[in-house]
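Engineer: Relevant sequence annotations retrieved from TrEMBL are reproduced here:
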type: BINDING; residues: Glu81, Asp148, Asp151, Asp309; note: Mg(2+) binding site
Amino acid sequence: MAAVESLATEMDTAVRVVHLASSLCVKVQDKLRLPSSTNDGHVKAKDDDSPVTVADWGVQAIVSWVLAEVFGTQNFSIVAEEDTESLSNTESLALLGAVSNAVNEALSEAHKYGLPKPDKPLESTEILNAIGRCNSVGGPKGRHWVLDPVDGTLGFVRGDQYAVALALIEDGKVLLGVLGCPNYPVKKEFLSNGCSQSGAGSVSKGCVMYAKRGSGQAWMQPLLPGGYPESATLLKASTVDDPVLATVCEPVERANSNHLFTAGLTNSMGVRKQPMRVYSMVKYAAIACGDAEVFMKFAQSSYKEKIWDHAAGVVIVEEAGGVVSDAGGRKLDFSKGVYLEGLDRGIIACSNQVLHDKINHGAQRK
């Protein structure tokens, strides 16, 4: 496996492209919040009824295009959530046009982030090719970029929390992770209350968090509307190790999370605070920067966790001092392809080992 020291170009490129992608998301979300944009076809339903937006495809196109420009297309592998099927039919010409406009507007500013930009606007076929190139299924061998272009699309559509998540996996191990959190609030009490008070649509309120495996450090940069920031703040997870004092995050959606089980577990552990229900991998971000101590997700039995929903967040939390495992105490296995196979019931992320041991022990008793 590659040494941590050899990942400087990969990390630098990943952080910069997530900044650029987050800028695209802010602009698209602002448009979705306008009354005239509520029914203009910029949001579509996928086969599982989950939404997909111009931002999902736009971010995937940008990240794919930039990574290919920097690292070349030979042995190039991206595992990502979206495909081009619903963008390629004749009924989606307006949607494809909106995606193309968003992509080219963003790429025209790529130089502000120290990234390559195309000599001329990309044609729609080039954009579809970039999105379609993200068709890898990962696995135990080789190097794979893993992308969730807009994690928490429902939160994104509602003007709430979401994340752009990019990770690099080699031989089944997560080497680095980057999370763009454009609506990350200034005050943690706003996390589960939407973003109207925390500056949704204001890029200066957001951040990008990132970490390299084995570095023992996780970092946060502010999102700046003018381009790439030079400063970064070191993140440190909370030292609170008493469940009574812990702040717990859980998913908003009931479809893929067993809230009753989580409530029973937290009650048995003496947790006093009401859980914060937060969209997307922002839950991992909250633990990494000390705004929460616990994230638990116990999905319904038919639901299978995807690697792009966890890879970036896990490495950031762990390098900030936290611990992530399944309910049986085992590390998450990213070597089995698109899904986290063999998961024992659910996922538990905590800000420190002592707290994790207590929560995990409680989960094993239930």
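Backbone N, Cα and C define each Cβ position, glycine as well.
Bear in mind that TrEMBL entries carry predicted annotations, made automatically and left uncurated.
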Engineer: Using CB atoms and a 10 A radius, I'd like the single residue among the binding-site residues Asp148, Asp309 with the highest neighbour count.
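Structural biologist: Compared across Asp148, Asp309, the most Cβ atoms within 10 Å surround Asp148.
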Engineer: If you count, for each of the binding-site residues Glu81, Asp151, the other Cβ atoms lying within 10 Å of its Cβ, which residue has the minimum?
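Structural biologist: Lowest Cβ count within 10 Å among the binding-site residues (Glu81, Asp151) is Glu81.
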Engineer: Around the Mg(2+) site (Glu81, Asp148, Asp151, Asp309), what further same-chain residues have their C-beta within 8 angstroms of the site's C-beta centre?
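Structural biologist: The answer, listed by sequence position, is Leu147, Pro149, Val150, Gly152, Ala165, Ser280, Met281, Lys306, Trp308.
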